[in-house]
Each structure stands twice: as C-alpha cells, then as structure tokens.
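Quick look at what TrEMBL annotates:
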BINDING   B:9, B:10, B:41, B:42, B:73, B:74, B:185, B:186  substrate binding site
ACT_SITE  B:72  active site, proton donor/acceptor
ACT_SITE  B:184  active site, proton donor/acceptor
C-alpha cells in the first residue's frame with residue numbers, strides 16, 4: 001500500500017510548506033492536518049503546544065504515514081527533538097532547513113531572521129545556526145503584524161507595502177546582513193514584498209522551499225521515494241471551520257483542494 | 001576521538017566540493033584523497049572506476065571516517081549505490097544534491113545540465129531528475145574544453161570568455177531552461193563566466209555547494225555533527241605529484257593547505 005507523508009501545523013501557515021512539498025515531490029501523497037481551532041500556538045505554553053502536537057502526530061500515525069513534517073515553527077521549537085527520538089519514521093522540522101540554506105548562501109556570515117514573537121524569543125534559529133558555525137552573527141526581529149495581514153489576504157498593494165516597510169525598518173537600519181530567513185510559514189506569501197523592501201543584495205530564504213528539499217533528501221536516503229508516476233490525491237484535515245480553511249487553501253494553491261475533512265482532536269488520546 | 005569526514009575525487013576537481021564543505025561545516029575535520037595519478041576517470045571503464053574508487057574508500061575507512069563524500073561525478077555515477085549499500089557510514093554523492101536543488105528553484109521544469117562527456121553520456125542527471133519528477137525536461141550538453149581550461153588556470157579574461165561562449169552556444173540556442181546544473185566539480189571555478197554567458201534569468205546550481213548542504217543535513221540527522229568549536233586541521237592526500245597538487249589547492253583555497261601527504265593506492269588491497 002502506498003504510504004503518505006504527514007504534514008502538521010497549528011493552522012493554515014503550513015500550507016505554504018505543503019505547497020512546496022507537492023511541487024518538489026509530485027509523485028508523493030500528502031496528508032495535511034491543521035489545528036485551526038486552537039491556533040495560533042505562538043502565545044501558548046510549551047506544555048500545551050507539546051500536548052496538541054502529540055495529538056496531531058498520533059492522529060496521523062493512525063493513517064500509516066511514512067514521514068512527518070512539522071510545518072510550524074513553534075511546534076518545531078518545542079517538540080522536534082522528542083518526536084525524532086520517539087517515532088520510528090523520519091521527522092523533519094522547518095527551522096534547521098532554513099538555517100542550513102542560509103549558511104550555504106551567506107558570504108559575510110551575517111544572517112537576519114524574521115518570525116513571530118514566539119519563534120524569535122525561542123532563539124531557535126540563532127541556536128541552530130551557532131550549532132553549525134559559531135562565527136555567524138544573527139540579527140533577528142519579531143514581526144507581529146505579518147501573520148494577521150497575510151490571513152486577511154493583504155498580500156500586495158500600498159497598505160501591505162507600508163506595513164512591511166515599517167516593520168522591517170529596524171533590520172534595514174542595521175544594514176549588515178546578506179541573507180534573511182523567513183522564519184514563519186506565513187511569510188512566503190509576502191516574500192516579494194520583503195525582497196523589494198530589503199533590496200536585491202539580500203538573499204531571502206523561504207523555510208517551506210528548504211524543508212521540501214530536505215524532505216526529498218531524507219526520503220531518498222531511506223529509499224522511501226515514491227517511484228510510481230501517478231497523480232496523487234492529497235487529504236486535508238482541519239480542527240476548525242472547514243469553509244474558512246477551504247477559502248485560504250484554495251487562494252494559496254494553484255488548483256482547488258479536493259479532499260477536506262473535519263477532525264476533533266480533543267477526542268484523540270494524547271498517549272502514543 | 002574526533003572522527004573526520006572523508007572526501008574522494010579522481011583528482012583536484014573535488015577540491016571545490018571540499019572548499020564548500022569546510023565553509024559550510026567549519027567545525028568538521030576533512031580528509032581529502034585525490035587520485036591525481038590516474039585521473040581523469042571520465043574516459044575509463046566502469047570496472048576501472050569502481051576498482052579505483054574502492055581503493056580510495058578502503059584507504060579512508062582505515063582512517064576511521066564518519067561519513068564519505070564522493071566528490072566526483074563519474075565515481076558517483078558508477079559506485080554511489082553500492083557504496084551506500086555496503087558501508088556502515090553515510091555516503092553522499094554529487095549528482096543528487098544538484099538535482100534536488102534544481103527541482104527546488106526551477107519554475108518551468110526545464111533544466112540544463114553541463115558536464116564532461118562521461119557524465120553527460122551516463123544520463124545520471126536526467127535519471128536523478130526524472131526519478132523525482134517525470135515532467136522535468138532536461139537539456140544536457142557535454143563541455144569538453146572546460147576541464148583543461150580550468151586546470152590550466154584560465155578562469156577569466158577574453159580567452160576564457162570566448163571558450164565559454166562558444167561551448168555553451170547550443171544550450172543558449174534552445175533558450176528554454178530556467179536552471180542550469182554545473183555537473184562537474186571543476187565548473188564552480190568558472191561559475192561567473194557561465195552565469196554571464198547564460199544571463200541573469202538562469203539560476204546556476206553548483207553541485208559543491210549543494211553537496212555540502214546535504215552533508216550537513218545527513219550529519220545532523222545522524223546526530224554526528226561536531227559540536228566542539230575548535231580549529232580543525234584538514235589532511236590532503238594525493239596519489240600524484242605533490243607540488244602540482246599543492247599549487248592547484250592553494251590557488252583554489254583562501255588559506256594555504258597545511259597537511260599534504262603522498263599515497264600509493266596501487267599497493268592498497270581493493271578488498272573491503
């Protein structure tokens with residue numbers, strides 16, 4: 001039986017990662033689970049994020065997935081290590097792929113990171129970068145206005161440009177970095193705005209693209225790549241309002257999503 | 001005891017991969033072995049390339065390496081699968097990383113590949129690309145003048161520009177690709193010339209950079225990354241003329257190489 005790749009997120013942001021996974025791995029089947037009912041995870045306690053994440057993981061394990069992608073920066077920061085430890089399948093998060101890609105492209109070892117307040121406060125990116133190269137200097141900046149702006153569908157035009165410009169100003173003032181990591185899965189939707197604001201000399205790294213690339217390598221490494229050249233049917237699950245999820249997903253994907261189901265995670269046991 | 005990462009190549013070309021490995025993994029120690037006496041491998045039979053490669057591998061296994069990087073396209077094409085099968089340590093080649101990076105950046109799924117005649121004839125890149133995405137169209141081109149040009153140190157100026165321009169003309173005439181893989185470890189040294197000739201709309205992928213990025217992931221995945229922030233002392237071995245090797249290596253690296261030794265591989269048993 002074909003096995004799917006599971007993708008979990010606190011809500012809809014991880015859809016940018018799912019979109020890249022489907023583009024870079026067109027033979028693979030994906031099952032996406034977004035905990036839209038309880039998002040955002042950013043302001044929640046570590047204990048809550050861990051419990052919610054394990055509920056999602058256990059639900060997808062019941063669907064016989066062959067790999068798990070944690071497409072949420074907060075969930076990655078709090079749970080990746082223990083998921084990798086305890087699951088028998090490969091587990092990939094969104095933080096390390098962005099860090100490795102930034103190390104590859106940066107020439108001056110000065111790397112910027114933008115994300116939610118939770119991700120920036122967790123220092124997960126500076127730690128990931130320093131674990132590989134102690135000489136890297138990180139300028140990080142929380143950008144609280146970006147997620148609500150993206151979720152409201154404000155992705156271009158003067159209002160979006162103004163918000164992006166004002167928010168990124170502290171990073172521009174420092175003017176040292178040559179590479180900028182988009183450390184939030186919502187941000188790829190405003191990548192062009194960020195690039196325009198920061199200038200062409202800054203290489204902007206999208207964690208979704210990089211996570212998909214690394215998922216491809218890890219699948220190949222485990223000889224678990226799908227070889228059959230079929231058209232996969234992906235499944236999407238949401239804990240929240242289905243029509244709201246469908247609207248966002250369809251505006252982010254090129255083709256409308258086919259299979260969308262509702263799931264109540266509170267009724268899923270959190271024990272493995 | 002600290003374990004090093006082994007890097008093997010038919011000669012000096014793999015030094016571009018080693019340079020990227022050292023840049024992206026500055027805490028790691030590398031042992032490079034270049035079979036300069038018997039290079040190039042391109043025109044040799046598969047049997048010979050496999051025997052020579054196993055001699056290099058066995059030599060480095062005697063040095064207790066924790067990972068092997070096959071920094072030679074020909075050796076990768078002929079031996080990667082069996083090395084991955086038979087060795088207990090992770091083994092990485094240079095073909096798949098370039099293919100995955102190209103899939104990540106290409107938007108129109110038309111990818112160019114340039115390499116030696118052997119690499120292009122092997123169809124290793126088209127096969128690696130198609131194994132992931134059947135819809136990718138590949139335009140490949142053998143560029144025989146590039147390796148001798150690079151080895152003679154002709155890396156810029158009108159003569160180099162002329163050779164690059166004439167050689168790449170068939171690829172430019174087709175004018176469809178949006179991504180070009182440098183499928184030879186010598187080519188990163190003329191990356192700027194190739195970029196200028198192809199135009200800014202073409203994304204040029206260097207297999208050395210991408211191989212280093214994937215080595216970083218596989219080490220992290222095996223929890224085998226060096227954590228100690230020391231200054232590693234890399235070792236270089238050549239089967240050929242030491243002074244010629246030193247000249248090339250020092251012209252390609254920013255700092256002169258410290259430890260260079262000679263090795264006679266013919267006396268090494270080819271049994272594992």
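Every residue gets a Cβ built from N, Cα and C, even glycine.
Across the fold, the C-alpha of residue B:73 (substrate binding site) and the C-alpha of residue B:184 (active site, proton donor/acceptor) stand 6 Å from each other. When other Cβ atoms within 10 Å of the Cβ of residue B:184 (active site, proton donor/acceptor) are tallied across all protein chains shown, the result is 27.
Between the alpha carbons (Cα) of residue B:10 (substrate binding site) and residue B:72 (active site, proton donor/acceptor) lies a span of roughly 6 Å. Applying an 8 A CB threshold to same-chain residues 6+ apart, the list for residue B:41 (substrate binding site) reads B:10, B:35, B:48, B:49, B:52, B:72, B:74, B:75, B:118. DSSP assigns residue B:9 (substrate binding site) to a strand segment in the three-state reduction. Here the CA atom of residue B:42 (substrate binding site) lies 11 Å from the CA atom of residue B:184 (active site, proton donor/acceptor). The substrate site is defined by B:9, B:10, B:41, B:42, B:73, B:74, B:185, B:186, and by the 8 Å test on Cβ atoms against their centroid, the other residues of the chain that qualify are B:11, B:13, B:14, B:39, B:40, B:72, B:75, B:116, B:119, B:184.
Mapped onto three states, the DSSP output places residue B:184 (active site, proton donor/acceptor) in coil.
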